[in-house]
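**Q** Dropping a structure here in structure tokens format, bear with me for questions.
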Amino acid sequence: MSLEEKLNKYSNKLSMTNNLNKIDVYNKKINKYKERQIYSNLKKPQPIDESVISLYSLKNEYQKSPDKMTALGFGVTDVGKPVELLVFDRKKPTNNEVSIEIYYTGICHSDWHFIVGEWKADFPLIPGHELIGRVIDIGPNVDKYSIGDIVCVSPVIDSCGHCKMCTHHIEQHCMNGATEIYNQKTRLPGDIKPSGPITYGGYSNIVIIKQHFVYKFPKNLDIERCAPLMCAGATTYSPLRQAKVGPGMKVGIVGIGGLGHIAVKIAKAMGAHVVAITRTEWKFKDSVNNLGANESILSTNVWQMNQHKGSFDFILSTIPMAHDIVPYIELLKYKATICTVGELFPTVINGMDLAQHPCFLQSSLIAGSDEIKEMLAFCSEHNIMPDVQIIKADKINDTRQKLLESKAKYRYVIDIRASLNK
């Protein structure tokens, strides 16, 4: 049965019933198939020459159709290919959705995991899951935002809204599958589990997001620096908060990169004695001189590591690749906790090492909507902002090697508007 036939079927059923429950069911079906019909007519990302960027004015494209618009983004058409300019369609905002013109998008190491095929992805792929921009349109029933508001978006942009995780605002752990801003199935009206087309992320000039997953940006922070708060900030704030980090605690931050450097600032603002643990010489110095750590350790220096054995109350590891965590477990006090947030790869741990160094090993994934609001308020109160390097999109392909070589200071952020003003 075609979408048109399904729409006619439920429209006819709706016209022939007075049962309120059935009316609700039929309306949900109609809305779902209408939205699916819109999505079926959207063009997928495809390469375009940069010389024609000026033909795709956001203002002009937005006015051409009641249901969709042409968008520009930066992504890849297949695994391992270079990031390039792509053109594609976005739908316009419908119920409870806002349309955001993207100003700045951070480059997370996980973006590269997908681009190069270290993690499974659907192609074409437009990455980007930490972004800041301006509301340019709102759909029906939007009551939290107005046109012109400066807002930010994190990786999770939808969830079922009904399960135990969602009702406790831990939407990233939705029991029916959270939808992330890219490389995930869209949740259509009436869906419990997402069944729609693949999402495209923030390396683009516009995005449509449900208002529940949009966050007001604190006015006292710098807009060009703070896109990474929406992933790196949320991902590190959540486990630090849940560990009740505070005065009198010795806290280690392992891996001083995009996540770790923000974690140092957050843990310090929480009142802890913060020790930065890194393998990189310049970060060993910069962690204390610039980021505010009380001490730093070179993880490659056995003597330095030995001096701190058995002394940490909590360790947060942000290393974004498979590695041996035993040297860090040995730094913990008896039955203290180490939390890993960067390493989402298979890890082998010898049970004897855990037996000899009893500890709690845990992980964490981004943050729920309430914690993200808390994180933004906390960073606003303590004037915490990421240290970033602003780039244009034509430099995206250079960033992976620099990240691998620990040359980024500390997060790359794409200036989307400057990238498209050619």
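Each Cβ is built from the backbone N, Cα and C atoms, and glycine gets one as well.
Sharing the record's features from Swiss-Prot:
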BINDING   CYS108, HIS129, CYS231  Zn(2+) 1 binding site
BINDING   CYS160, CYS163, CYS166, CYS174  Zn(2+) 2 binding site
**Q** Report, as a single number, how many Cβ atoms besides its own are within 10 Å of the Cβ of CYS231 (Zn(2+) 1 binding site).
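**A** Looking across every protein chain shown, the total is 28.
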**Q** Sort the binding-site residues CYS163, CYS166, CYS174 by C-alpha distance from CYS108 (Zn(2+) 1 binding site) and give me just the closest.
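**A** Closest recorded candidate to CYS108 (Zn(2+) 1 binding site) by Cα: CYS174.
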**Q** Could you tell me the C-alpha distance between CYS163 (Zn(2+) 2 binding site) and CYS231 (Zn(2+) 1 binding site) in angstrom, no decimals?
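**A** Cα to Cα, CYS163 (Zn(2+) 2 binding site) and CYS231 (Zn(2+) 1 binding site) are separated by 23 Å.
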**Q** For each of the binding-site residues (CYS108, CYS160, CYS163, CYS166), count the other CB atoms lying within 10 A of its CB, then report the residue with the highest count.
**A** CYS108
**Q** Cα distance, CYS174 (Zn(2+) 2 binding site) to HIS129 (Zn(2+) 1 binding site), nearest Å?
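**A** About 18 Å separates the two Cα atoms.
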**Q** Round to the nearest Å and give the CA-to-CA distance linking CYS160 (Zn(2+) 2 binding site) with CYS231 (Zn(2+) 1 binding site).
**A** 21
**Q** Excluding CYS108, HIS129, CYS231 themselves, which residues in that chain have a Cβ inside 8 Å of the centre of the Cβ atoms defining the Zn(2+) 1 site?
**A** GLY106, SER110, ASP111, GLY128, GLU130, SER154, PRO155, PRO228, MET230, ALA232
